Structure formats: C-alpha cells, structure tokens
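Student: Can you keep this structure in mind? I'll have questions shortly.
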C-alpha cells in the first residue's frame with residue numbers, strides 16, 4: 001500500500017511539475033533582422049558576436065535583475081548587446097528564456113549584424129552600433145487580440161485603455177526596473193490588464209518617451225494588443241497575462257511513504273486532489289484581491305461621464321454657456337492631469353501668475369490643454385469652488401479662453417483651459433525680434449477682439465464679471481493670432497469678493513491698475529476700462545507701461561509720456577517704429593485718443609466698454625476731449641515751474657506731485 005500511496009504522490013507531483021514547466025517554456029513571438037548590414041561566417045564580427053551571446057547566456061549573467069548589457073571586440077567589428085526579462089519573472093524563468101533565445105538567434109538571423117528577438121518572457125538584442133543607454137523606437141511591431149471590445153464604443157474604449165496605460169508608463173519610467181503593471185475596468189463585468197517595460201539603461205525621460213510612443217501606436221479597436229519596440233514594450237489584454245510565467249522551478253522533494261489500509265489510499269487519493277484544488281482556488285483569489293489593492297486602479301480619463309474627446313472642439317462662440325453644465329460634468333481625474341503634464345514637469349511650464357502656475361498638458365489622444373495649478377491659499381471651500389467653476393465655464397466667447405473643467409485632489413485645486421498655441425501678447429509685443437509679426441493691421445484687430453471679449457464679460461454674459469488683471473500677459477493669441485482674454489473670473493474662483501465695490505485684497509499688475517483700485521481697493525467695470533486703455537497704448541507703441549524710466553531729469557511712464565505727446569500735438573511719436581509707413585495715421589491716432597479716454601483719473605469720465613467698441617468700429621462717432629490721466633507723473637522741470645508761479649508756463653491742467661517710488665493718483 002505504501003508504494004501505491006507513493007505512486008499517487010509522485011503522480012501528483014509530476015503532474016504539477018510538468019504543468020508548471022510547460023507554463024515556463026519560453027514562448028517565441030517575433031524577431032527582426034536588419035538586412036542593411038551583414039557579416040560572413042568566419043569574420044571577426046562573427047567571433048565577437050558568439051562571444052557576446054555566450055556572455056549574455058552564461059551562468060553568472062544578471063538573471064536576478066532581469067537585465068544585462070555587454071560589449072565584445074573592437075571597432076569596426078565591435079558588438080553590443082543586451083537582454084531584458086519581463087519585470088516579474090523569476091531568475092530561473094529569465095535564464096531559461098535567454099538560453100533559448102541565444103540558441104535560436106543565429107538560426108533566425110544567421111548573417112545580420114543587427115537583430116532583436118521577442119519572447120513572452122524576455123527580449124534579446126544585439127547590434128554593430130552602440131545601443132547601450134540609447135533610445136531606439138525603429139523597427140517595432142504591433143500585435144492584436146482577434147476579438148473586438150465588448151459593448152463599448154471604440155472612442156470610449158480607447159480612452160479607457162490609454163489613460164491607465166499612460167499612468168503605468170509614468171510609474172515604470174520612475175521605477176528602477178522600468179516596469180509596471182495595471183488593472184482597470186472595462187465595464188461592470190470585465191476588467192483589462194496592462195503592462196509596460198523599458199530597458200533599465202534608459203533615462204527616465206527616454207523611457208517615458210518610448211512607452212508613450214509604444215502605447216499610442218496601438219489602434220485600440222480590439223480587446224487586446226501589444227507593441228514591441230527595441231527599447232520598450234507595452235501590452236493590454238482581457239486576462240491577467242503578466243502572471244502566467246512568473247513562477248520559478250519548484251524545489252525537488254520526495255514524498256515519504258505512509259502506512260494504512262485501503263481506506264487510507266482512498267482518502268489520500270480523494271483528499272489530495274481536492275486539497276490541491278482548494279489551495280489553488282484560495283491562492284488565486286488571494287492574489288486577485290492583493291492585485292486589486294495594489295494596482296494603479298481603474299482610472300477613466302474623467303471621473304464622470306465626460307470624455308476626453310469632448311474637449312477637442314471647444315465652441316468658437318456662444319451666447320451664455322450651457323444651462324445643463326454641472327460641476328460633475330466638468331471634473332477631470334487628478335491622475336489624468338498628472339499624466340498629461342508629465343507630473344508637472346518644469347519643461348511643460350507655460351508661466352506663472354498671481355493665482356498659480358500654468359502647465360501645458362497633452363492627453364494620450366493628442367488633445368492639448370493648459371493646466372492652471374492654483375496656489376494653496378485659495379479662500380474657497382470645495383463646494384464653493386465647484387460652483388464658481390460652473391459659472392465661469394458658462395462664459396463662452398470667441399475672444400475668451402474657454403475653461404474646460406477643474407480637478408480637486410486633497411489641497412490641489414486645478415483649472416483646465418483650452419490650449420492657445422501662440423503664447424501671450426507680451427511675448428510678441430515687447431520682444432524686438434518678434435514685434436515684426438504684429439503689423440498695425442493685426443494689432444488693430446487684436447485691440448478690437450480684446451474690447452469685444454471684455455464687453456461680453458461686462459454686459460453680455462448672464463453675470464457681470466470684472467477681470468481685475470487685464471494686461472498683455474493675459475491676452476493669448478490663437479493659431480490665427482486672434483486674441484483671447486485669459487484669467488477672467490479668477491477672483492470668483494479663488495474665493496475673493498466680487499460683488500462688493502471694495503476689497504481689502506488688491507490683485508492685478510501695477511501699471512495696469514486704475515488709481516481708485518490700486519490705492520483704495522475700489523473696483524468696477526471702469527477699472528477694467530483703465531487697464532484696457534493702458535493695454536492699447538502698449539499695443540500702439542510696442543513699449544511696456546513701466547519701460548520708460550527717469551532720463552534727463554524727467555520722470556515718466558507710458559501713460560504720462562503719451563499724455564505729454566498728445567498735449568504737444570505729436571501723438572504720432574508714440575507709434576511703434578516697426579510699422580514703418582504701413583499704417584493709417586487717422587486710425588492709429590483715434591486708438592490713442594480712445595486709450596487716453598480710458599485712463600482718465602476720474603472713473604466717471606471713462607467710457608464703457610460698449611461705447612469703446614462703438615468708437616473702434618464707427619469712425620464717425622465724435623470723441624470727447626480727454627482729461628488728464630491717473631498716475632500722471634511730473635518732471636522736475638514741471639515741478640519747478642509749479643513751485644515758481646512767476647515763471648512763464650502754459651497751465652494746461654493741474655497736476656499733483658508724485659514720485660517714481662511712491663506712485664499716487666491725483
């Protein structure tokens with residue numbers, strides 16, 4: 001009986017061993033031989049290649065780390081090579097796979113100097129070029145599962161797969177092994193699994209670039225797919241494929257014979273298989289549960305219904321937004337934002353304002369957005385923040401930058417805007433090498449577009465919005481150089497008082513601020529009108545308001561300088577020299593006149609934006625005589641003349657004293 005019991009144990013052991021061994025057999029997938037360069041069988045290169053392959057498949061190779069590179073010979077017959085095993089396989093599986101790939105390499109590519117071989121558990125590569133620590137994405141291959149996605153539209157399926165795969169790519173690029181897996185839900189009944197891996201000798205950025213290219217090459221019209229590139233691989237499928245081949249060879253063990261009668265044999269013969277099946281069942285669900293906890297999760301591009309594809313075509317112009325817009329329909333997933341901005345990589349930083357930093361973000365489908373990461377001293381709670389975002393998102397006009405949505409994650413508050421490609425107006429306006437791209441005709445259209453955008457905020461939108469920080473840096477230019485006003489509504493979103501006429505916290509940029517706002521915190525639509533006037537003068541002159549400094553005993557800024565030219569009857573001296581003779585004097589003089597009306601000290605004297613738009617579009621409208629501007633700065637000569645009434649002066653207007661270090665209104 002004991003021999004029978006031993007036989008049963010040996011049978012079970014051999015069955016399990018053979019099952020495991022069969023699962024471990026390296027599975028060939030694909031190879032690529034470069035036919036551009038070859039070698040002869042008896043050449044030095046052939047000898048060096050065999051030396052290299054022997055080194056990579058030796059007993060002392062780095063199977064425990066799953067990666068090794070090597071070099072053999074000297075130029076011009078030098079060979080460089082490497083192997084890479086899947087990040088979660090055991091050293092035994094890695095060694096077995098590399099041994100097989102080395103043995104088969106010379107038969108698959110008998111005379112080619114450069115080749116790459118892909119197996120389920122490993123990859124082998126060699127070349128006559130230096131391929132070590134070098135990104136290579138040429139000569140890849142894409143494979144697909146034969147079945148179509150189940151009850152999911154293709155664009156939605158693509159979104160569901162791309163986002164977690166790109167997040168896994170970021171995780172892999174930041175890890176030492178350059179390897180990561182993920183699991184995500186396709187629907188309530190089905191999950192998908194993903195895996196990405198680079199060669200560990202790549203830099204973090206090269207690894208991420210390679211994986212993103214690999215992931216984006218997939219068509220995502222099947223339930224599973226994989227891409228092989230020389231420097232990286234990616235795969236997704238509807239089963240947990242990355243756990244099929246990660247078990248090492250079992251340790252040898254000999255069952256001990258037991259004693260007993262027929263009942264013992266029957267019990268053992270029945271209990272052992274049942275026990276084995278039960279243990280396998282428990283192990284399966286334990287692993288499944290553990291994997292569920294540690295995966296980077298089911299992360300659709302958005303937490304709710306909105307799809308990434310919906311932000312690719314923002315409306316050119318609408319009246320007052322969409323009444324069905326809700327906070328939920330605008331909410332982005334934080335991990336999607338992190339992935340789109342490459343973890344807020346400094347190279348993606350577009351700028352920084354008073355409310356936070358702005359980054360360029362690119363979603364896997366290629367959609368680009370501007371991501372504003374708000375400062376953490378916002379006065380809003382989450383609910384209030386969401387409500388204000390909904391209000392601002394409804395403000396849609398062709399001369400306003402569209403707010404696409406927001407994101408909340410812990411202390412993080414993020415706004416997502418449409419991406420405007422041509423940077424801001426100040427980038428072109430104040431750079432002598434770029435000014436030529438903005439001739440007068442184009443600048444005149446920009447002035448009109450800005451005016452229409454502000455008019456919409458003041459009058460045509462459902463709620464009156466006062467910008468409070470209108471400046472050249474907040475005017476973005478689209479691909480056709482059309483202006484789009486940015487950062488409107490930030491006072492509402494940031495939790496600042498927008499309904500009262502006074503505020504203790506003044507936000508904005510000095511030089512653009514109206515006197516009553518800068519000094520006393522009093523703001524109104526006329527505060528924006530003042531800023532618009534300063535902006536028009538900058539557009540006409542190509543100079544910053546603050547660029548004029550104390551020279552030859554005079555103290556000046558652009559507003560003061562313009563007023564003096566106007567008073568002296570020589571406003572044409574303000575015109576940007578880059579225009580040459582390509583402008584209409586009457587048109588440009590009218591713009592200067594309108595700007596001076598906007599920067600008058602008394603807010604009641606300034607025109608409304610509605611009147612300004614009419615002045616710009618209808619040349620027959622007579623313009624009022626402008627009064628002295630706010631923040632008018634006196635020269636030393638003017639101060640002396642005012643101190644000595646006996647001097648012969650032309651008292652055009654009354655001017656209060658001010659200094660360049662302590663600017664004050666009249």
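Backbone N, Cα and C define each Cβ position, glycine as well.
So Swiss-Prot lists the following for this protein:
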type     : residues : note
CARBOHYD : 32       : N-linked glycosylation site
CARBOHYD : 42       : N-linked glycosylation site
CARBOHYD : 60       : N-linked glycosylation site
CARBOHYD : 69       : N-linked glycosylation site
CARBOHYD : 103      : N-linked glycosylation site
DOMAIN   : 137-241  : domain 'Gnk2-homologous 2'
CARBOHYD : 262      : N-linked glycosylation site
TRANSMEM : 265-285  : transmembrane segment
MOD_RES  : 509      : phosphothreonine
Student: Under DSSP, is residue 32 (N-linked glycosylation site) part of a helix or a strand, or is it coil?
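Tutor: It is in a strand.
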Student: For the domain 'Gnk2-homologous 2' (137-241), provide the mean pLDDT of the predicted model.
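Tutor: Computed over the domain 'Gnk2-homologous 2' (137-241), the mean pLDDT is 87 on the 0 to 100 scale.
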Student: According to DSSP, how is the domain 'Gnk2-homologous 2' (137-241) divided among helix, strand and coil residues?
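Tutor: Counting residues per DSSP class in the domain 'Gnk2-homologous 2' (137-241), I get 35 helix, 30 strand, 40 coil.
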Student: Under a three-state reading of DSSP, tell me whether residue 103 (N-linked glycosylation site) is helix, strand or coil.
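Tutor: Once the DSSP labels are grouped into three classes, residue 103 (N-linked glycosylation site) ends up as helix.
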Student: Tell me, if you would, which residue among 32, 42, 69, 103, 509 (recorded positions) has the fewest other CB atoms within 10 Å in the structure shown?
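Tutor: Fewest other Cβ atoms within 10 Å, among the recorded positions 32, 42, 69, 103, 509, is found for 42.
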Student: Rounded to the nearest angstrom, how far is the Cα of residue 60 (N-linked glycosylation site) from the Cα of residue 69 (N-linked glycosylation site)?
Tutor: 13
Student: Using DSSP, would you call residue 69 (N-linked glycosylation site) helix, strand or coil?
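Tutor: Where residue 69 (N-linked glycosylation site) sits, the three-state DSSP reduction gives strand.
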Student: I'm trying to understand the geometry here, so how far is the Cα atom of residue 42 (N-linked glycosylation site) from the Cα atom of residue 32 (N-linked glycosylation site), in Å to the nearest whole number?
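Tutor: Cα to Cα, residue 42 (N-linked glycosylation site) and residue 32 (N-linked glycosylation site) are separated by 23 Å.
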Student: Does DSSP put residue 60 (N-linked glycosylation site) in a helix, in a strand, or in coil?
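Tutor: DSSP call for residue 60 (N-linked glycosylation site): coil, neither helix nor strand.
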Student: Of the glycosylation sites 32, 60, 103, which one has its Cα closest to the Cα of residue 509 (phosphothreonine)?
Tutor: 32
Student: Quick check for the class: what is the C-alpha distance, in angstrom and rounded, between residue 32 (N-linked glycosylation site) and residue 103 (N-linked glycosylation site)?
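Tutor: Residue 32 (N-linked glycosylation site) and residue 103 (N-linked glycosylation site) have their Cα atoms 16 Å apart.
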Student: How many other Cβ atoms sit within 10 Å of the Cβ of residue 60 (N-linked glycosylation site)?
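Tutor: Cβ-Cβ neighbours of residue 60 (N-linked glycosylation site) within 10 Å number 7.
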Student: Which whole-number value in Å describes the distance between the Cα atoms of residue 103 (N-linked glycosylation site) and residue 60 (N-linked glycosylation site)?
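Tutor: Taking the Cα atoms only, residue 103 (N-linked glycosylation site) lies 17 Å from residue 60 (N-linked glycosylation site).
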